[in-house]
């Protein structure tokens, strides 16, 4: 079986939404502010939410997502083929794609870019994502050479051979780490490439004054005609979120990149002047309490279920001013594979007490709850503490710096319970598997790992591997169902008490237009810079 | 004089070495693991180990420190973990902004502090004196982030006289300088007042008056040069206060100086930047003290440097 997917057809079908219509004129500009300096714009290195979407506008990869959604579509690739066994991916590149320096982008550049990320001297945090490509072990161990699994067949065809079928591979190709860089520029700037980025994206970097501002200008030779909509984006850095909000009110800026500061949240959301400008959207995030299944009494499933039933999530939502929705399973609602009909464990302290009795712990017990020490996390932990007290569990709160909580969670016998707030998992790409391996699978239940409940269900691990081996896009629904089943099964064992899924609140000025979805794009955070437009030039 | 300066500069090197050692220990003891931080949460153990090795974080403490000092001697402050740039470049690009802000703040301090001090001293015990001293007390006690936000809100947002934060023109400089100068003005006015009152009691002032000199001449020609001494010394010592002040003020006003750099680095535990800014500030403080000591004998010949 071979699948051929034509990008044009696919994109045209999805472009039906009027928000992305082509009759929007190009031109105009906008100003975005951030509190922190932009660290780097090197796609191999940048891995924070601030530079993630900036890099996406300067660089392109083989794959991307339909704006505002989690739906994959080819980007620099024109078409791709997947072999029947799911181990060989062949991408056909677009003709005439140019880098900002004028040179044409070829398959050699794609190969170079991915090998650069895997090469340990690059120190890329994303190297591990490419572990399914043949030859990964050797190159990542520093033995040098090329990735044996990548072959350039002609200047516009590249073939990847994997050591195992990997259904997430197309998502991996959409990650920034797989974005294409020109070798000559990387070599010219060496370690400073991140400050002198040259890509093939919709915008090019026109100015970077350290500590003050970055200016992106429209790349006139961009392959995707009609994009980007804006001529210019100015990023002003070093602006406190409170000050940024004042400047927004004054009409000086368009998007405060850090969002609405928590201290101002209630005031801003109730202000009639802002009402029309605030956009709310889901985030691929879940906040949860882990229970270490290797530490008594959390080795008993009744106890873990009782904790799930004891926590009053609505009260916690009130503590954070409703900036989230209650969760009953590991996956967030906007993630494919989310089980809509799954009810989870309802708030039921009486039932929880009964479960504790069944476990022989009718008199309760004492335990510890680890939490990160910045607001609002300790307040959330206190709410959980009170809820647990009501069913007889005395939890003392260990409020520590982020690094210490992460370290404690990664020790087998250290933290009986951890509230994940401030450290929680936000997905790298919108695929259900991204919430499993490192945080719920056996692979993450290792010292220094992120599976803080130390839950390891080998049967589910096997099912997960099976699901990820279903590469055929036609069977995507089947794969999604398998994952849905895996997460529901996990909840039967209840190693986590899922608490809430954070919502994003973006605010933008009146002069910037575009579908609401573009401002809460699940991948391009906080704004899809290529797609939003200026109303004053329409 | 030259021997004195040479000796002081030598002391400076020792002081800076001491500071670098203490800071290095403190940052070494922070439980955050830089390699893990650079590697990000999706990194394999192998990646983390690679990074640790490349940065020399697997070496024993003294070797790491020797490496760092070895670099310092050659003017190499190391590379920022998160910004992936030379720390010296980052500091150099931001230092002019901080120096400009300091100059602005010192100007504000002197204008407001000295005027208030002189007026209060001349009207000693009056209602004006009380009001000014209460104002100076407020200036000394008010937290700078509150003053900064208040000034921003009133003069930039409500009245629109100044830009809301940022950097570039004279108008941008006014509010941050005032905020930073507010604290110093409070100190200076109190110091100037007590110092002037003290001097005005001296015999030579009575003599000057008795020989028929006018009020203004007595004040500026005879009293001021003597009364201003402690204030001058204070400016040198003040550099330390500035260094802590700019961290807050630069963050509030989005002023691209080294204080803002330090604040961002502290939040993200970017150790090379924290080290670099600490050393530069320490150097500035030591230098400020030295300058104060050098200026004093020029104003008061009774004081000799030894």
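Glycine residues also receive a Cβ, built from the backbone N, Cα and C atoms like all the rest.
Per TrEMBL, transmembrane segment is recorded for B:12-30, B:99-122, B:134-155, B:167-188, B:227-253, B:273-296. Look at TrEMBL and you will find B:95-296 tagged as domain 'ABC transmembrane type-1'.
Highest Cβ contact count with the transmembrane segment (B:99-122) among the listed stretches B:134-155, B:167-188, B:227-253, B:273-296 falls to B:167-188 (criterion: pairs under 8 Å).
The transmembrane segment (B:12-30) makes contact with the transmembrane segment (B:273-296): 3 or more of their CB pairs lie within 8 A, with pairs spaced 6 or more apart in sequence. Of the candidate ranges B:134-155, B:227-253, B:273-296, B:134-155 has the most C-beta pairs within less than 8 angstroms of the transmembrane segment (B:167-188). Panel annotation: around the transmembrane segment (B:227-253), residues 97-98, 101-102, 105-106, 109, 113-114, 144-145, 148-149, 152, 165-166, 172, 175-176, 179-180, 183-184, 187-188, 191-192, 195-196, 198-199, 259-260, 262-263, 281, 284-285, 287-293, 295-296, 299-300 of the same chain, lying at least six beyond its termini, place a Cβ under 8 Å from a Cβ of the stretch. Taking Cβ pairs closer than 8 Å, the transmembrane segment (B:134-155) reaches residues 113, 116, 161-162, 164-165, 175-176, 178-180, 182-183, 185-187, 189-190, 245, 248-249, 251-253 in its own chain, all 6 or more past its ends.
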